[in-house]
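Engineer: Heads up, here are the entries from TrEMBL:
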TRANSMEM  B:12-40  transmembrane segment
TRANSMEM  B:52-71  transmembrane segment
TRANSMEM  B:77-102  transmembrane segment
TRANSMEM  B:109-127  transmembrane segment
TRANSMEM  B:158-179  transmembrane segment
TRANSMEM  B:212-233  transmembrane segment
TRANSMEM  B:239-263  transmembrane segment
TRANSMEM  B:275-296  transmembrane segment
Amino acid sequence: MINSRFFNRSELIGFIVLAAVLFVILPLSLDVFRLNLVAKYLTYAFVALGLVLCWGYGGILSLGQGVFFGLGGYCMAMFLKLEASSVENTKIQSTPGIPDFMDWNQITSLPLFWQPFHSLTFTILAIILVPGLFALIIGTAMFKRRVGGTYFAIITQAVAAILTILIVGQQGYTGGINGMTDLRTLKGWDIRPDHAKVILYFVEVVLLFACIGIAQFIRLTKLGRILVAMREQEDRVRFSGYSVANFKIFAFCMAAVFAAIGGAMFALNVGFMSPSFVGIVPSIEMVIYTAVGGRMSIFGAIWGAILVNFAKTSLSESFPQLWLFGLGALFIAVVLAFPNGLSGLWADYVQPRIDRLFASRKRKPGWNDNSVADGAPAE
Amino acid sequence: MFGDYSIGDLGSIFVMQGFAGLILFSVYVLMALGLAIIFGQMGVINMAHGEFMILGAYVTWMTSNVFQSYLPGLFSGYFFLAMILAFVASGALGMLVEWVLIRHLYKRPLDTLLATWGLSLMLQQAYRSVFGAREVGVELPQWMLGSLHVTDSIEVPINGVFVMCLTVLITLSVAYVMYMSRWGRQVRAVVQNRIMAGAVGINTEKVDRYTFGLGCGIAGIAGSAFTMIGSTGPTSGQLYIVDTFLVVVFGGAASLLGTIASAFSISQTQSTLEFFMSGSMAKVLTLLAVVGILMLRPQGLFALKVRK
């Protein structure tokens, strides 16, 4: 049943709708401030996309995606911060040329691990490699010893806690609880004015679609099928001669890299990075974006990230008290009432109607047979 | 880091920090006992456990206020009543939650995690609406303040000793209930084989509900003890939940003895390290050590050998 086409029909519709909304409708209808907010939401869509691969397909629930989001974001922010703290910008400090928070914490020279972040090439490599390697280490240590399920979730959560405490505690090296603020230019190009925000938005959307392409490719190849098989019957896959641990490590690393790209785009679009996007609470919120959108659906997860964040912004602007109640209820409702999220609802209620509409127009049996194992089509 | 201290000093430091860690140890043990019952026995990941603990803390705070304004003569004894009330309140809420939410999710442990996280957010907001966002502190009765002088250089805080005794008492009763009583036998039977337990006439749903309630009730008592080390705010519980899960996992999920041993080692490591470095680094080192050991020994310290 290997699909010869890259998208089946309903996925193609989902793809076109998403592309139209992100490339045309939103940029035309929103002002720059709101567009920048959408760009912020979309950074979480990267994380949600990674979680679809890792959690929805691989069955590995990671509660530490904030770690990778944060690592990517901090790598980017370190580069931007170094550029913003050039000698002439920081001449009022007692040590010019180092970031302001280091100066406040009586550090007089740039620490060694900050040095390579003067180079943009190194930074871009680091955004991919640092979280990737970190995920590789955690994944190897855990999956090779067959730790999985709830234990893995708890340990990734502990890692998120550790990293947050470390960032907050090592104020002189990381900016502490305030994070890295006042990021200004990228290779001399100011990232703060409106036209830069619009350009960054489009860069981000293009990157997002590239990641969607990668995820879809993984899903359609044999690799994606093994991931699903592993989620359903881990032992049978192992007995068939596949190395379950390696596939799990791969899925986890992919999710980490996607999250890191999201984090880097966050630092660029929002203009700061702080430990409040690293810890336990944001990590679990990232899982809920995926759960609301549909853990099986690539496009669903992206809509989940956009819609939940949109609800969060609008509700917490007008009813700050209600937001936490709403978010809590959303968690419970997603688990109890619609475990496949929005895309599940779509597949159950909307898709059949559309199908009937098309089926009555022209009869062409069998076009829907090639949907992949889980059967939850994209929104 | 040990360089500046003599051997005798170091001995005293370890003993003093050890006793300072007693309350932390007690809170860990009481939290982890409840969690070990819920997670170890029932397989439910209760992320709202910290909020059940905080409920106990708020109940203690309310009781102390009531005693202060209406029964000042009996103030010295309010703590005992407060603990019982905390147990009842958290236990009752736990049973309600089990009935509404958890019983639908026994076959999906990862989903219990998400659902109870949602519950914890709602409870936090409820506390914030009812008690206010500011942290509240409990006034301790006179006899719990001060400390015992054991030797010249060693002082032991009285409330630490009190909480310690309380923890031992509760641990022993939990062990008795789980391993000696008829009800404990039923709990273990349901855990081992739900269908067979039901077939021999055990009301498994009722056992589940009371087990969950007992776990949450013990968290409530942990909340009472918690009021002695810190002020209570709507989000205080969230700070402890990851630590507690690590305690349970580190100890070996199904083993009560392991839970106590791991609570002891984690809390003592942390409070001893705190003397030598900043609190955050002490916590980072402790957690890193725990995660590192768990990577080497995923089944925890005291694991039951079972064939899976």
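Positions of Cβ are set from backbone N, Cα and C atoms, glycine also.
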Engineer: Would you call the transmembrane segment (B:158-179) and the transmembrane segment (B:212-233) in contact, using three or more Cβ pairs under 8 Å, pairs 6 or more apart in sequence?
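Structural biologist: In this chain the transmembrane segment (B:158-179) contacts the transmembrane segment (B:212-233) - 3 or more Cβ pairs sit under 8 Å.
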Engineer: Is it the case that the transmembrane segment (B:77-102) and the transmembrane segment (B:212-233) have 3 or more CB pairs under 8 Å, with pairs at least 6 apart in sequence?
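Structural biologist: The answer is yes, given that the two segments have at least 3 Cβ pairs within the 8 Å cut-off.
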Engineer: Short question: which residues 6 or more past the ends of the transmembrane segment (B:52-71) have a Cβ under 8 Å from it?
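Structural biologist: Same-chain contacts beyond the flanks: 31, 34, 46, 78-79, 81-83, 85-87, 89-90, 93-94, 123, 127, 131, 136-139, 216, 219-224, 226-227, 232, 234, 236-237, 240.
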Engineer: Quick check: do the transmembrane segment (B:212-233) and the transmembrane segment (B:275-296) share at least 3 Cβ pairs under 8 Å, counting only pairs 6+ apart in sequence?
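Structural biologist: Contact between the transmembrane segment (B:212-233) and the transmembrane segment (B:275-296): absent.
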Engineer: Name the range, of those listed as B:12-40, B:109-127, B:275-296, that has the largest tally of Cβ pairs under 8 Å with the transmembrane segment (B:239-263).
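Structural biologist: Comparing B:12-40, B:109-127, B:275-296: B:12-40 has the most Cβ pairs near the transmembrane segment (B:239-263).
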Engineer: Taking residues 6+ outside the transmembrane segment (B:275-296), which of them lie with a CB under 8 Å of any CB in it?
Structural biologist: 1-2, 13, 17, 243, 246, 249-250, 266, 269
